[in-house]
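Only one structure is covered here, and it is reproduced in the block below.
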């Protein structure tokens, strides 16, 4: 097979089933991160670019050169409805990798959301479209379209490895990546955490604001009590 190094497009990976994605849609990212034993949580500097943005879906990873979005255009064309495009943009803050025109295309094609380790622009338009976009920041500076880049292969995103078909949960608290083969186990634990927290909230509102077991844990860890 001939070709240029750094230009590679893969396809045909397995995605999570629709029922699993729908179930994760009801669980906030902190519960998912806790269910992952605090792993899989993307750098917290990558946040929603408009309030209320949330997406859950199958990851479509993209790796690009800093400031270049050629392969992101192709990824938008390739995406299946509901896919979340994950872009390793090298953490570059100088050139926006995504803006209104690309967002219009992504929304029309049913892209579920996009996460950038880089910056974007045209935020007001993204908010008006209600297209969930998460990024390291915002810049009016435009990108190049020369490549190289890769699509459909594992990438790093904010310190976390993301493979094609992994499950992405992104909301107001940030972004969590769940390996596809762990999705069922993580979902069950995340839902259990959600139920325990709901129960605890009811206890607090019912007159029991102090958390049980704290003193016992401090004693177990050898706390030194000092009288003032």
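From the backbone N, Cα and C atoms, a Cβ is placed for every residue, glycine too.
DSSP classifies residue 99 (substrate binding site) as coil under the three-state reduction. The substrate binding site annotation in TrEMBL covers 99, 100, 101, 102, 121.
Here TrEMBL flags 122 as Mg(2+) binding site. Cβ contacts within 10 Å of residue 122 (Mg(2+) binding site), excluding its own Cβ and spanning all protein chains shown: 21.
The secondary structure of residue 122 (Mg(2+) binding site), as reduced to three states from DSSP, is coil rather than helix or strand. Max Cα-Cα distance over the annotated substrate binders (99, 100, 101, 102, 121) is 11 Å.
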